[in-house]
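Pasting a structure here, questions to come.
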Amino acid sequence: MSQARPATLRVAVLGAGSWGTALAAAASRRHPTVLWARDGAQAQAMAARHENTRYLPGVALPPALQVSADLAQALAHLAHDPAHALIILGVPVAGMTPLCTELAARLPALGLQAVPLVWTCKGFEEQTARLPHETVQAALGAMPGLAAGVLSGPSFAREVAQGLPVALTVASESSAVRDAVTTALHGAAVRIYASTDVVGVEVGGALKNVIAVACGICDGLALGTNARAALITRGLAEMARFGAALGAQQETFAGLTGLGDLVLTATGELSRNRRVGLEIGAGRKLADILASGMTAEGVRCARAARDRARALNIELPITEAVCAVLFEGLSPMTAVSALLAREARPESPTP
């Protein structure tokens with residue numbers, strides 16, 4: 001049994017986007033928490049207004065939440081009691097390498113190298129096709145005492161920031177990480193489940209974004225709820241196949257970070273990935289959608305997921321179809337027809 005952690009932790013959330021802000025708000029309701037924003041003007045405005053007007057407009061943040069644009073100050077908050085601290089990385093996949101590289105230089109100097117650390121991003125790094133844990137390992141793996149994991153699950157940041165109920169999974173081989181996240185966030189509105197399957201949790205979080213784009217395209221084409229249900233179910237099969245090839249536990253894909261996150265992202269009105277798909281299905285070009293300011297991790301990581309799957313000889317027909325529509329000029333309806341024309345086969349592989 002893991003050792004119980006104290007009732008109070010010092011928490012630093014690095015990254016003041018919507019998700020980082022939401023988690024910082026949740027943690028600050030029970031623990032001394034600092035939210036680091038790279039943009040000084042944003043940090044100053046958030047501290048003055050107790051609101052992230054850029055990413056979560058209209059959501060009041062707890063008065064106890066501290067906001068700083070000084071990374072050294074945010075980390076110094078932990079250095080007062082490093083044995084009872086937690087670092088949450090709230091940056092997207094694209095921001096992981098630069099932030100982890102900076103932490104590799106700063107944490108040991110402050111005696112924080114063994115502080116439990118979790119990341120919250122979902123996706124594959126575009127240039128390398130790495131999952132987040134591989135990025136963390138590359139940047140921080142040589143740091144003595146590293147205890148790291150991933151926090152994920154079906155969640156929209158706005159609802160979490162508002163204090164509405166949510167269930168999340170923390171996955172790590174380190175009991176210290178699992179315990180720290182549970183202590184920091186588990187409470188009246190947040191339920192935390194623990195796992196050791198980092199790869200499974202990450203694969204689910206990455207591929208569900210791509211499948212959600214496909215579901216949005218389906219809805220944009222007005223193909224009906226039957227078609228969307230088929231995409232969700234067969235998309236889950238793609239996630240499980242990919243995960244199996246990387247050593248993930250299959251039961252993970254039936255849980256919060258697999259089926260749960262997929263259903264939410266593929267059907268929720270707040271899903272950016274689904275919204276991009278809706279626009280594509282309605283006939284808009286990807287370049288125009290992105291130029292309007294709409295972003296989605298499913299677009300960013302689709303090619304990386306496809307390329308890594310090809311290298312591993314994993315069949316991902318829905319992911320391949322999404323890439324063909326987004327990047328190769330294939331019409332959405334032609335992609336649907338190609339998926340429907342695939343050879344009939346058993347739903348589950350024969351043992």
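Placement of Cβ uses the backbone N, Cα and C atoms for every residue, glycine included.
Bear in mind that the values here come from a model prediction, so they are computed numbers and not experimental data.
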Say Swiss-Prot lists G153, S155, K208, D261, S271, R272, N273 as binding sn-glycerol 3-phosphate: which of K122, K285 is in the same site, per that record?
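Among K122, K285, only K122 appears alongside G153, S155, K208, D261, S271, R272, N273 as sn-glycerol 3-phosphate-binding in Swiss-Prot.
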Sorry to bug you, but what's the C-alpha spacing from G153 (sn-glycerol 3-phosphate binding site) to E297 (NADPH binding site), rounded to the closest Å?
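One finds 15 Å between the Cα atoms of these residues.
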In whole Å, how far is D261 (sn-glycerol 3-phosphate binding site) from K208 (active site, proton acceptor) when you measure between their Cα atoms?
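With the alpha carbons as reference points, the distance is 7 Å.
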Could you state the whole-number distance in Å separating the C-alpha atoms of S271 (sn-glycerol 3-phosphate binding site) and A157 (NADPH binding site)?
10
Give me the Cα-Cα distance between R38 (NADPH binding site) and G153 (sn-glycerol 3-phosphate binding site), rounded to a whole Å.
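Here the two Cα atoms lie 25 Å apart.
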Specify the nearest of the binding-site residues W19, K122, A157 to N273 (sn-glycerol 3-phosphate binding site), where nearness means the distance between Cα atoms.
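Comparing Cα positions, the closest of these binding-site residues turns out to be K122.
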